[in-house]
Amino acid sequence: MLGRPVFGLGKAITSVDVAVIDANSEWIGVKRLQLMENAGRSVAEEAAKLAKPGSRVVVFAGPGGNGGDGLVAARHLAYMGYQVTVVMIVKPEEIRSPETRAMYEALAAMDLTVDIRIARAPADVAPVEADVVIDALLGTGLRGAPRPPYSDAIEAVNSSTGLKLAVDVPSGLNSDTGETPGAYVKADITVTFHKPKPGLLRRPDVAGRLVVVSIGAPPEAEVYVGPGDVAYRVRPRSWKAHKGSSGRVLIVGGSQDYVGAPILAALAAERSGVDLVFLAAPEHVTRAASHHPTIIPVPLRGSPNIHPDHVKKLEQLLDRVDAIAIGMGVGLSDETKEAIPQIIVKALEKEKPVVVDADGIKILGERGIPNSNRKLVVTPHQREFQILFGDALSGVDEDIKARALKAAEKAQRHGLVILLKGPIDIVTDGERIRLNRTGVPAMSVGGTGDTLAGITAALLARKLEPFHAASIAAFVNGLAGALAYAEKKDSMTAMDLIEKIPEALNNPIEAANRVPAYQRLVRGRIEWQPPVGRSES
């Protein structure tokens, strides 16, 4: 067993997680300026524990958000009675963060209590004599070795007298990996925000004593999927992109009785930013899709249903794609029940992530769940969950915590990702649990589950981790549905939802701010255990 799952992004958070939480906090209503104020005040309070009022504190500040945190700390320390000097390593007009600029302007007015030095040349960045030196040069966004003037400032911090306090992460340390490819601050204490960062835990020799503090980011900014997840995890195409480099998806579905489901999944995948979408289905299904010329048909001949004789053809096609969605409208004929597990296993053997939906879930419930090392994503609703795992859930109006923990237990046991659909979607890989609250009641129309499967497969093909792909797909599918509902009301269809996927995916923050406010649906509460406190090196 891997231990008790946590609600949110894990016990430690990456640099991308930090950006996601900041953006989601702002969406909820806690602005970045407020987060910066809280962060800087927390730094000041920790610095005040290291030296008595009247002592000298020097803050080395950069132009980004980390520097802004340091400027806030300087303001609070001046109020507490410390002799405060701020060394700005760039000119004020070069401050790139609007929040940091606002904090600098406030500090610039404090001409009686704060000494500000602008480093206009490398010679202006020199070691200082102080009781506490605060490193607010570079934060979690660092990639590669610091360059001048940052590297010069880092050397100045290390050569200064006094205790070294790093803001969020020591400058020069990669907060995700713990690597130090160039100059880095060797801190005595690091005050990090919200949760520990992996690099800090790996390099106590650089971070020193670790203190985790709250900056007022709501737990919901991490537990609920939000527009920040889309904005910071789904990357736009590179200018160096070529056909296929942004992902290729295979949709396998359809049967004698169901034609539309795999077509909807294919159209949703196409609108989710992949380059190529293949639709493998019985011949009458691919004929029905022929008026969508951008979908590549792969007719499965010889049977009106997916048949074991089709497996070899599909196995060859797997080498040409990056992800697969299977199960939409396949039916439950005996030949299909035999073929579907074979196709899934072949895909997993080739290290292709697989999304299983609808009838595919029912077939796995009967035939068994293959081992996938978390490359398998299943998207059941409540009844399908019971069929797949043989264990009933409490009703959708019951305790969200109980439902989530049961789903996490199944995900952990079987080594897969579960996207449990409902008024509040639950996404879990057995270690982490996230919730999604986008969507509208009108999404009860047929086909919205098929669109969800297609979006998930597309995000997997775009190289997102399965847990994040499923989480973001739930958010985008629900947001697109809400956007469609805003125009069509109860007349909306799954096709209307598909047309809104680009807006939800490409402008998530703006789009999320235009849909009706969330209505509280959750029954019960989750456990949130803040990691605030000290971790000795």
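Yeah, the Cβs are placed from backbone N, Cα and C, and that goes for glycine too.
Keep in mind the model is a prediction, meaning the values are calculated, not measured.
When ASP131, ASP135, ASP205 are compared with the K(+) site residues ASN66, SER171 in Swiss-Prot, the one appearing in that site is ASP135. In the three-state DSSP assignment, the secondary structure recorded for MET443 (ADP binding site) is helix. The shortest Cα-Cα distance between PRO441 (ADP binding site) and any of the binding-site residues ASP168, GLY329, ASP450 is the one to ASP450. ASP168 ((6S)-NADPHX 1 binding site) carries neither a helix nor a strand DSSP state and counts as coil.
Ranking the binding-site residues MET443, VAL445 by other CB atoms within 10 A of the CB puts VAL445 at the bottom.
According to DSSP, PRO423 (ADP binding site) sits in a coil region rather than a helix or strand. Taking each of the binding-site residues GLY329, PRO423, PRO441, GLY447, GLY449 in turn and counting other Cβ atoms within 10 Å of its Cβ gives the largest count for GLY329.
Cβ neighbour count within 10 Å across all protein chains ranks ASP450 highest among the binding-site residues ASP168, ASP425, ASP450. DSSP assigns GLY449 (ADP binding site) to a helix.
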